[in-house]
Amino acid sequence: MEVKPKLYYFQGRGRMESIRWLLATAGVEFEEEFLETREQYEKLQKDGCLLFGQVPLVEIDGMLLTQTRAILSYLAAKYNLYGKDLKERVRIDMYADGTQDLMMMIIGAPFKAPQEKEESLALAVKRAKNRYFPVFEKILKDHGEAFLVGNQLSWADIQLLEAILMVEEVSAPVLSDFPLLQAFKTRISNIPTIKKFLQPGSQRKPPPDGHYVDVVRTVLKF
């Protein structure tokens, strides 16, 4: 029996959420250990589990993986979500890096002072509408397929949907000028494993609240 991947992170989205999305889309069951105390974090460091002293940490296939980008690349390749050749793979990388840049503007916002937080979220919505979503709308139009790369689901599609939903939590009508992205959102959301992940009771995490921010600050001492 294959051992389930184990995820070590806070009980919130942060940099782990995209990893949860990939595993859930691949239909892979996983376990989670939530960091709630400084002692848990220090033990992981003492045991040599954190390569650069940082989480996310994923235990999978007999390995302890850190660094979000490396983990996502490994999972995408392992679960056939990384294209059919090198040219498709580099496009998937470009698109995923773009959506990650957009999402990080939102992920980091709760840790800022109230006014800075609102400014960061407003900037994220503006960038989504003026920089990122026009690009993906054009990609879908030019490619003429149901997916961003090739003719099958990839990491790029999954992470774009994650980004869309995250921006919509800040500004619900953000896709109003992007009909192809609206259709894309509906289409990808209805893939069975993704549809299940989007239902209440899944391992998808809610938007961060004050408690999550306090726990992260306490554990990481910042």
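Quick reminder: no glycine exception, Cβ is built from N, Cα and C everywhere.
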Q54, V55, Q67, T68 bind glutathione per Swiss-Prot; candidate in Y9, Y95, Y132 listed for that same site
Y9
Looking only at Q54, Q67, T68, which of these binding-site residues has the biggest number of Cβ atoms within 10 Å around its Cβ?
T68
Can you count the other CB atoms that lie within 10 A of the CB of Y9 (glutathione binding site)?
22
Specify the count of other C-beta atoms within 10 Å of the C-beta of V55 (glutathione binding site).
22
Taking 8 Å from the centroid of the Cβ atoms of Y9, Q54, V55, Q67, T68 as the cut-off, which other residues in that chain fall inside it around the glutathione site?
R15, M16, P56, L57, T66, I71
